[in-house]
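Q: Feature list, courtesy of Swiss-Prot:
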type	residues	note
REGION	1-28	region 'Disordered'
MOD_RES	Ala2	N-acetylalanine
CROSSLNK	Lys5	SUMO2 cross-link
MOD_RES	Lys5	N6-acetyllysine
CROSSLNK	Lys10	SUMO2 cross-link
MOD_RES	Lys10	N6-acetyllysine
CROSSLNK	Lys21	SUMO2 cross-link
DOMAIN	30-88	domain 'Chromo 1'
MOD_RES	Lys44	N6-acetyllysine
MOD_RES	Lys50	N6-acetyllysine
REGION	78-125	region 'Disordered'
COMPBIAS	82-125	compositional bias 'Basic and acidic residues'
MOD_RES	Ser93	phosphoserine
MOD_RES	Ser95	phosphoserine
MOD_RES	Ser97	phosphoserine
MOD_RES	Ser99	phosphoserine
CROSSLNK	Lys103	SUMO2 cross-link
DOMAIN	121-179	domain 'Chromo 2'
CROSSLNK	Lys154	SUMO2 cross-link
MOD_RES	Ser176	phosphoserine
Amino acid sequence: MASNKTTLQKMGKKQNGKSKKVEEAEPEEFVVEKVLDRRVVNGKVEYFLKWKGFTDADNTWEPEENLDCPELIEDFLNSQKAGKEKDGTKRKSLSDSESDDSKSKKKRDAADKPRGFARGLDPERIIGATDSSGELMFLMKWKDSDEADLVLAKEANMKCPQIVIAFYEERLTWHSCPEDEAQ
């Protein structure tokens, strides 16, 4: 993506001197109006963007490396910092120390991140199973994701029974009795 200023200049040139066909020949250049949100997916930062001249229904998540609008990203990050500082001052009066606040923030971030089926991804296969928490859980690999999550077996049984069956079938072993072989 081109920077906000660069893209606007290019668009101006297109409108002043070149035909509409040239505009259509470069459909990959769009102008970012505003950065709305930020997330990390598979270790890569993505931004939720409002595109200039498009409706909110056309907003998209784009990887940071595809973007060249540092001013808009900086504005967004500064607004996020300002919002967190306001919240932080309220929490500081309630918490005993800075270190406690940063530890609880990390826990909140981890707790806020959707896990399992809440991520809205389709299950690909079950990698393993455990009952270390007292309940049977499956380690689920998701389609189009490198991350795996522990999900309750009860939930997997309801939401993806064929994947659960495939997991058990892979581990099924048959033992024949000597009497059966004689017949």
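Please read every residue number as a count from 1 along the shown chain.
Quick reminder: no glycine exception, Cβ is built from N, Cα and C everywhere.
Describe the structural context of these features.
A: Averaged across the domain 'Chromo 1' (30-88), pLDDT in this predicted model comes to 85.
Following the DSSP three-state reduction, the secondary structure of Lys44 (N6-acetyllysine) is strand. The number of other Cβ atoms within 10 Å of the Cβ belonging to Lys44 (N6-acetyllysine), over all protein chains shown, comes to 10.
Other C-beta atoms found within 10 angstroms of the C-beta of Lys50 (N6-acetyllysine) number 16, with every protein chain shown included. DSSP assigns Lys50 (N6-acetyllysine) to a strand in the three-state reduction.
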Q: Measure from the Cβ of Ser176 (phosphoserine) and count the other Cβ atoms within 10 Å, all protein chains considered.
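A: Other Cβ atoms found within 10 Å: 7.
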Q: What is the interatomic distance between the Cα atoms of Ser176 (phosphoserine) and Lys154 (SUMO2 cross-link), given in whole Å?
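A: One finds 31 Å between the Cα atoms of these residues.
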Q: In the three-state scheme derived from DSSP, which category covers Lys154 (SUMO2 cross-link)?
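A: For Lys154 (SUMO2 cross-link) - judged by DSSP and reduced to three states - the answer is helix.
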